[in-house]
């Protein structure tokens, strides 16, 4: 220990510093990593702070520069000084170098290295507090603030100068004006010059705190007036705040006036003499020395010489005699001694015992004095009293002060005197942080935010924060860390206990509850095994207990009011605390003795408290600052920091947490080891919640098995053990081969039953063995809920897609249909009550949802339990069997409700939630989550406790229980909970209840047997089921009858069940609409007799009576798939015999015997109705009894050539290991080897490398430029501008949030745009039919009654003779008479609700109140609501939906399903067209175009042909969809989008952006039908072949980059063009047609809308478009659009999802994962999309080229010309080219065949070239023989084969043979279309196109033309770039002539060149380069 002796005389005092026996370099000074050393290990001089490589500082991670400065300053280099130099302390005013040397402080940071190691010039910005990283407060030696604290709106400097000259903020004016106008509080003094505020205690304290020193001038004048009574006014005007500072031996006044006349300091026993006038204190040697030293001479009197004198005086041993002026000779003991009471001697005074403020830490008595000693880790300062913390081997270390402000944790380094303290933020963006602690490695804090109560642990810099625990916390106000065991102790103000947790938060235990009321602050003393706390509750006290919770007792309980902060000075063994009401700092010994007040009168509202060395530090709410003073006297009061309201204060230094042996070092506790007082053993073992100690007092045993919570995250299953007190963590996690959409716990075997809606299966997973097996894999739709009946061992599920509830017996694995909902209701929630024998189901209807009760067997009535006040979105159920309670979440209304399921009565459990979703009951706690968030909430099921939260997986979230993984969080996270296995018995448990298939419970003691679909009961006991082969109707009593016995009026069954439910349904007559024997024209405005239907005469104005007549049966006047009613009406056969009267005369429900009466190609349901044959076994229930999805349906698995993804889809093997995530879960890219050809390919730094093809390097600017350049569009991935349809796009464009977070009152977007325009977002809700009678401003929901006092009650409770309103306003005298008038007539036409104010009328469904509020009017739902997918017929009080000829109504009676089932979805992606099918989900490559980009495609389904274009190649291809073989190819300039006229087979192609060409692959030619002029261009086109219409979008580019859009319609021959729509500031990108309803759909990217416009014939096209979708994420960058079965399918560039949106009803959108980012076109491959005609005009026409549908039948075309029928087209006018290897065929034989053709054709070309040369030579010879001397040969060479790989070489060869040399432009050749225009296309692409036949090639190469002179020998050669004169002139060989020969030169036979422009006659240009040749082609001619 370090010690100092105090001896009697100052001259004899000696200072003795003993060898230190303490920890050397026990911890390096940091906040993240400390190195420990045992005290006995000695010190090390190799490093000043231990292992500095591991030293880190608690600096906010954003300020790296600050961190580095501090780190360098602390670590520096290794010590190079002499041994022991580190212990050297420099004098005041000196700087200590790192090598131990000392220099003057003034030389530090003066630009010169004065230290030998130049350490005085390091970290000067930090040391001198220089910008830009630091800001010095104005006070001398004031705080040094981190730059981040400047201008943060908070005065962190005491004078507020850190907030001066800041940018304008709300509430502040620029500059310091706002501060000058500030007013100081009553606790502050305002400086005169800058009007800053300082604490009033600093006024006139002898130290200037104002920059103008006005606090020591004017302040002193004020102090004379305001000096409190408990203070002392000095002679100089200063005010001492405490009288205790008077006569304490210290000159506090500065003029010595506080130390004058102090008897206690000037006593003879202390060797002093006080003059009589009390002005002077003399030493005894100055008394009676013959010289008067007192001014009054009182030190020299006659008694100084009196007798007896000292020579005669006998003194005690050790005493000395002095002559005294008042008494003569007296004996005095030396200083440090006093006269013994009973002995005549001087005895030693024990100063340490009598005065405990002599030494900073330890005090040892010595003979005649004392000496101060310091504990390990401290050195004695030069005052021989103060202990300073050090670490041996280095310089003094900086202690760290932490304080909390609720929102932040701040840090301050405490420095020596006259050095600034550095202040910075440790952790920010917090909420209600109160307590804080630090153990040298981690920082801990408590959060008391409501519903976010937690204890958090983080690194020293605030990073990597993790929540240790939330469970069991209510208000954890403070915490302390036991640095020996790392246990965390904390107080809980609401739970009223002191508790402890292990450092990981997993094991927690309550320690002290007795006499604990409102505990606040906490301090621990591990070496003594003690803890102390403050309690400000009913009995305020300072409490003490052993750290294991034993021996709890108060040590202070009197004269204490509001004790807050507590601190332990373990060196002096004293406890300090602050009392907020008394405004004091007090101290007491650990045993409750020695209580005294340190400081009072100067504290306003102290809260936190800490101690370090001789200083106390506390926070004060009133002054919003951290204060400090001396721990003994309370002097040296100062403010260290200002901030918001400051709570806890904590100081860390390694010396404050000394290491020492302890009882837990060798303990063998299984869970918790707690220190205790040595006298009771030093430690004890403790157990967490739910466990107890075993008899050996070491092990913990479970009292009951903990229940577990299961969480489904995609394919990951998390298992969490729930604890009521402690940390939740993932105990286990499993990766499953399925998606977890719904799950339920099987309490019988502990397995989880999971529904996967992607793979459409239900499987069982056993967590113990990790095994899974499939329970159900066929006939599944979208499973919305699972429920498990533990009594009968049955699994129930709800299927929204198939609208059924089904059951599966886990004993027999048979399934049965419980209930089918054929209307518009679908089950979305489900739970079972096995002991009651029924289940609760949530049914979602069109207009509302309701909760019903159904028997578990499905046999019995369906009771509506909860009808009102339910939302229309997700509703999930969970049951608490212990309390007979059902809970349900309502995501639409944002609340959780509950009810007793035996006595239903709905009550709200929790409201104002953000879309609650899944529920789970774990023990006594209810868990739930919210849509779109990765958080799980829970609270006690009694709803008495706070809401707790578990963050599953969130980036930078301390509450996350598993590491953040950058994957999308599922929108809805399913939950399930384990539950203990019950011992209940049930009949179904014994041999399956005697049932052959399925046993279902009917309560706890009864059961019933069910049969699977297609089975019937065999016996009368209904126990055994057999396959229904001949039993058409099974009586309830067991008999088997034929269907003609059903409802025949006779009793054929014993129980008469054959005649049950046979009454006709009441049906209101319709309004004056079309009669049943009339046909309703599709326009809805005309009726014609059915006799005129399909009579080849157009009677309807819209011609609909003559449409779709191919399958119209004139005998029954209905289509073949329809039933002809007796009244003449037609209904779809799918609605026959389904129990609903669709005909109106019930004729569709008569004669329902199961005889073979369905039309061919139809399937007969078990009920008797007929559906399309393709609907059988298609995975969707279409029969009302579900019989179409029977057990014989083959399970569809992946074909052999496909691979199954982990998510269950089937994937084309060609897409496996292609570098792209095609599965969506990346399972197709697992275990892929490295491609050696690409492994070493890298791009330049300024380039972007495509991941789908590493060989492609693009400029870096392609990244996120809005277009896709890579083959799979990965250059547009993660660009932040495309959000999912379930997300909202923030206005910034860089952020997406969940759509349900829009307008929820919380800003989730960084720019807050999600909370803008929320009133418009909410819109106007549909008005209820019940009008509220209240006029109160407080509005209740429509179905609620306003009590006019802010309360709302259900209308059903009004006028029920019981006052439900608190004020009784729901009952009144009018309740009995309100619904009838005085005459007795009913007031309301339909329904009446009596209220105290009168009648409230309402109407039946389908009606609305008239203006008189009494009568009801029919609603035209067809017009107002558009509820039907296709055709809608309004009826009284309702409507009926119908379908077009190729469709039939589904069981929902709203949507239409194609008779040709099995449609798939095709979409293009760069060079591929992919095919996505649904049952099962399969993705394969329909066809591939090698490396060429596919720019458009379409299908002709009935012909089974596909068509696609390749713009770069200039070719349109026809491909056989069955064989995937190219049939034919046509050459066109720059073809992009195309659309098929499926009637004739013609293809309409957008060519060159300004032309539309019609192409016939039969006629092998194309012709232009539309041409637009610049600056307009055609963007997209669509064809309706049935109605012979073409539609196209024209974009006009206007000024400043703005665009306008036009939609044009024309006949298919290009005639009768009409503009349907024109819109400015628009950019339409795609359109498609619905030929059945004659609707044109289009998307506008600029307006983000999907719209439609009718082109049905009327008086003209309807020109007003209807918006179907607007501002939806389904329309971010739409590039492709298709419509099928009244659903729109959309693809967006940059999105990996296609979108399917219903175009009727609610228009809900769903996503379809396609996993490519660059899909451009999308087409539904369904036959019904293209209705067929029985015949078409072109089938009988005689056109030799093109035959196009036209207004009057057809038109013939040759190229661009209309020609007469029969006229032949000239040779060479076709467009056909041959294709080699253009498309990837899956058949290798085809590839070999193509390669063989290529080599054969190349050989023919070589022969042709040779023949050509020979022929030309022969011609030239004949020509010369006839006497001609010049060569006049014109060659016209057309090149439709521009994409041939060897074309360029071929052309160069031909030019060489012709003697002509010219150069083509870079890598391109030109092709000429039939419209005489040119386009330049790539000649180096992998597409290889070639002349179709050699004769054709020769004919095209040498085509005779007539010259001006009529010379038949003239030939013409078409050249590239004919308009470029320089290049053409180069053909002349560069020769020049001046003799009039046109520049040819004399005697040279070089051809002249003639150029003719596109629109000019060549003759007009004659002589330009020579020659005189007429022509009209845009070409260049060689003229010899």
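Going from the start of the chain as shown, residues are counted 1 onward.
Heads up, the Cβ atoms here are built off N, Cα and C, so glycines get one too.
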Feature region 'Disordered' in Swiss-Prot, mapped to one of the ranges 1905-1924, 1965-1984: 1965-1984
Tell me which residue from 30, 1875 Swiss-Prot records as N-linked glycosylation site. 30
Swiss-Prot record, transmembrane segment, of the ranges 1779-1799, 1800-1820, 1821-1841, 1842-1862 the matching one is 1800-1820
Checked against DSSP, the composition of the domain 'EGF-like 1' (306-343) is 0 helix, 14 strand, 24 coil
Under 8 angstroms for C-beta pairs, at least 3 of them, ignoring pairs fewer than 6 apart in sequence. Is the domain 'EGF-like 3' (1418-1453) in contact with the domain 'LDL-receptor class A 5' (265-305) by that rule? no
Who are the long-range neighbours of the domain 'LDL-receptor class A 8' (1117-1153) in its own chain, taking Cβ under 8 Å and residues 6 or more past its ends? 822, 1032, 1042-1044, 1046, 1061, 1064-1065, 1067, 1075-1078, 1090-1091, 1093, 1108, 1111, 1159, 1162, 1165, 1167-1172, 1182, 1184, 1440, 1442-1443, 1445, 1448-1451, 1453, 1459
Under an 8 Å Cβ to Cβ limit, what residues of the same chain, 6 or more beyond the ends of the domain 'LDL-receptor class A 9' (1157-1194), are close to it? 760, 778-781, 801-804, 817, 820, 822, 1012-1014, 1028, 1043, 1120-1121, 1123, 1133-1139, 1448, 1450-1451, 1457, 1459-1462, 1478-1479
Take every residue in the domain 'LDL-receptor class A 2' (128-167), average their pLDDT values, and give the whole-number result. 83
How do the residues of the domain 'EGF-like 3' (1418-1453) split into helix, strand and coil according to DSSP? 4 helix, 14 strand, 18 coil
